[in-house]
Structures are given as C-alpha cells and as structure tokens.
Amino acid sequence: MADSDGEYVDEFSDDDLDGHRVTSGADASSYGTRSKSAPGTGTKGDGRKAKGNTRSKAAWEDVQRSWEHVVETEDGAITIEALIEAEKRRRVMRDTTPLQRGIIRHLMLVLDMSFAMAEKDLLPNRYILALNYAVDFVREYFEQNPISQLGIVGMRDGIAVRISDMSGNPAEHIERLRTWAEQQEPQGNPSLQNALEMCRGALFHTPSHGTREVLIIYGALLSSDPGDIHDTISNLITDRIRVSIVGLAAQVAICAELCARTNAPFSNNQPGPISTTANATNYYSVALHEQHFRELFLAATTPPPTPAPPPTTTTNTSAGTATNASLLMMGFPSRALAAKDGVSLCACHHRPSREGYACTRCAAKVCRLPADCPVCGLTLILSTHLARSYHHLFPLRVWVEVGWAEAAARVKAAGGPAGAGSCCFACLVRFPEVPQRFLTGSGAAASTGGAAGKGLKAGGKGEKGAAGGEAAGGGAGGVDGAAAAVVKGVSESGRYKCQVCGNHFCIDCDVFAHEIIHNCPGCQSDTRGPAERNGEANGQPDNG
C-alpha cells in the first residue's frame, strides 16, 4: 500500500504508526512532511527499525517552500515589483561594444503561410500572431532603420508568393499584411528553396554598400523544394546574402545549416554543415511562447555586424570590396508648401499635392522621405534619419546599479532626503527612502551593493543567501538570497547610474533611454564645453 499521510494501515502496532504521523514541531523534517528519526521514535521496543523508514523520498516531498519568502507590502498585498523591475532590466542588459554595422539595409521578410501555421499552440494561432507581429516589426524596422528597404514574401502551396515589393514605405507593407490576414488562410506546404530564390532575385540588384538580409518566420518541420537546396545556399553565399530564421516548432537541421553557412564570414562554398552550433546560435532560434516570439522577431531590427575582411589580399572583385567603406552622395531637401492654388504632381506616385520635397540635384518633387529621386536616382533623406541610425554604431552604455551606501552619500550631498538626490534626474520621481542606518553611517559597512550580492530576509533575521554572500542583519521588506538570484542585476535602491555623467535614474527612465531615445539625459543636459568635460557625451567617454 502506498505510504501517504493520514492513511489507515491495518495490523500495525503503535510504534509502526509513529513513522506515518506528521509532526509540525522541531521534529519535522527539512522538507516539511515527515518526521526525522530520533532515539525512541519510529522504532520498536526491541530495537528493530520501523517499517517505511528505509524508503526513498518522493520528488514531490522535496519542495522549496517558496511561499515562505513572499514579500508583502504595508497593506498586506503581495508585491511582484522586483520581478517586474528584473524583466525591465533584462531588456537593457546587452552588449554595448561598438561594432561596424551596415545602417543601409535591404531585408526580405519571409512568412510561413503553410498548413503548419494553423496550429494553436500560439494564440490565437501561429498565422494570425505572425502577421500581427509582422506589422509591429515593419513599424519598428523603419523606426530604427529609416534609410533601409524592406520586402515581404510568403510561402504556401509549395511556391513563394510576393506580398509587397522592396520599398521604404512602411504604410504600403502594413496595408498588404492586413489584406492577407483578412483574405487568405494558411494552406499547403512551404518551400524554402522557392522563397530563397525569390529573395535572391529581389536582392540581386541592390547596391553593394548596403546589407543583403533574409529573415524567415518558419513554423513547419518540412520543406517541399523542387531541386537541391544546397545549390541555393551556395548561390546565397556567393551573393553575400545573410539568412536568419525564427522557428515556431522544433529545430530543423537544414535551417541550422542555412543560417550557419550564410552568416559565416567568407565561408567556403562547400555543402554540408560547418560549425552549426557556433554560427547558427545567434541567427536561428526557436520561440518558446508568444512573448519570446515577439522578442526574437523584433531583435532583427538591429543591423547585423559587418564581417571582418579576409586576412589575405585578393583581387578587387565585387565580393572582396563589399565590406570596404565608401562615400555615398545624398541629398537633404527641405519641405516646401506651395500656395493655395499651387497644386502639382509628385514624381514618385504622380499624385496631386501642395507639399513635398524638391530634389537637390534635379528639383523633381517627391512626396515623402526617405526616397530615391525617380528622375536622377539621388538618395534623398533628412538629417534626423541619419541620427536615428547612428545609435546602432555607438550604443548607449549600460547603466550600473547603485547600492544603499552610494545612494545615502548622494542624499547627504544633496542636502538630505528633501533634496534633489532623492529624485530621478530625468522624471523627478522619488526613489525609495534610504534606510536610516545608512544615513547615520552604521549600516554602510553592511551594504550589499545591489540585488546581485547578498540578500536580506523579510522579517529580520540575517542568514546565508543563495547568491553566496552573508546577509546583513535586520531590516524589513527585503528579499532572501533565493529571490536575489532571480532578480540579479536589479538595484536594491531602485537607482541606476550613468558611468559618464554620474546621475541617478529610475528603472523606467533606464528602459526609455536605452530603447527609445538612445541618449543619456544627463549627458545631453551638460552645458559645459568639450574641454571641461573631456569630450564625454552620450555615455561614451572620449579616451583620445
């Protein structure tokens, strides 16, 4: 009979039943359900061991008792602010090493529209969710890459269908995506080879100074191809087209090989997988859930790094000079508004309008920027378009966590809790109050310096945390070491400091600065001259 709490066991003596009784005092076991063996307990009078003491512990009995570490607010409500802040912090914790990237991108988005996209493991189903995220991707792509181009292709019925042509107009792509979502249903088999060949034809005539990329949203586990896909992969490598894939099902071997070979810098043109684990990790991912799918999808808005040039000197071919820097001629026209009766046709769409931009070379009128002049071919952009692409080359440095000791020093220097040191520099939201022991100096030595270090257990007693540090005694409203390991990277004081200007910011301003404006408000508001601040600006110190 199964050994469970409170069950009736026939023909057992009182000593045998002691091994089945639940204790709640000091004799309770470490996992909270069975009593520990003690002299005179759970054994018979003749010294024989009680039945059931030799059995192994069940998996469900080895619980972590996480309900004992719940942090409550003053009104008794359970708070998850630390977890929310940890999620925000995770979004900005990225590598900010400046790399050479191509800011003029030519990307083909390939969407799987086969029978596999009708699955409902991602709600409402894969097809609707992928199209909705594709609309968000188009907006974010042109927001982060305003001088780039985009085209969309679909895979269904064993062929590739063109959804929208290569252009820099996001409204056109969004309109076509919404039309397909309303009028078409997923059906048939996908064909990777046909989709790649269509993308290769669309990217073949793009200029060499821009990148050539293909992003595939793939939900099937098969590909119905008319020929050998390895020949297509070799042609993609020759044309310097890079392929990235976001999978919605299990990982597929041909997808891993496709990403590994096309993203390997100057890889050889031999079939078969080459270092798939090293090269395909950053370019082929499988979504776990809806939020993870969105993160993987929007991660493609960041331009990929430009591969390093080959170590040996080769002849001056188109493939060898694709990574060399080149000067491009661009025009920066101003917006012009004609008089009330001065309506004219634009050269791009042949539509009547009063406002537009005149090409700086041939004075042809275009209705929107960025665009290529339809008459002379000059690239027409605004200065803000270059500024919005510039942050990919020099990203804003990650702000560091501020411990209680440093926060107390800032509050004291600013004139006490009522001074400016208690508020966020950007939005003026007040930070959590610094514990009194840090203001008086008694707790400075016990400061842990952040949630990644040592933990405070809610209730008062200090103990060893899971992070490995000795917890500081006393205090209420903290989290123990196990929780501290979960919220690693979150500041215990709710403050984050720019390493250049030294100002303190809240977590919301941290996310806003790194994901939206890509500039530090403290560095931008510094009115000192370059000589006084040593050339430091926008979170990037000038070491020259």
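Including glycine, each Cβ sits where the backbone N, Cα and C put it.
Automatic, uncurated: that is what TrEMBL annotation is.
It is 446-476, from the ranges 260-290, 446-476, 508-538, that TrEMBL records as region 'Disordered'.
Looking at 323-340, 359-376, 413-430, the range annotated in TrEMBL as zinc finger turns out to be 359-376.
For the domain 'VWFA' (106-296), the model gives a mean pLDDT of 90.
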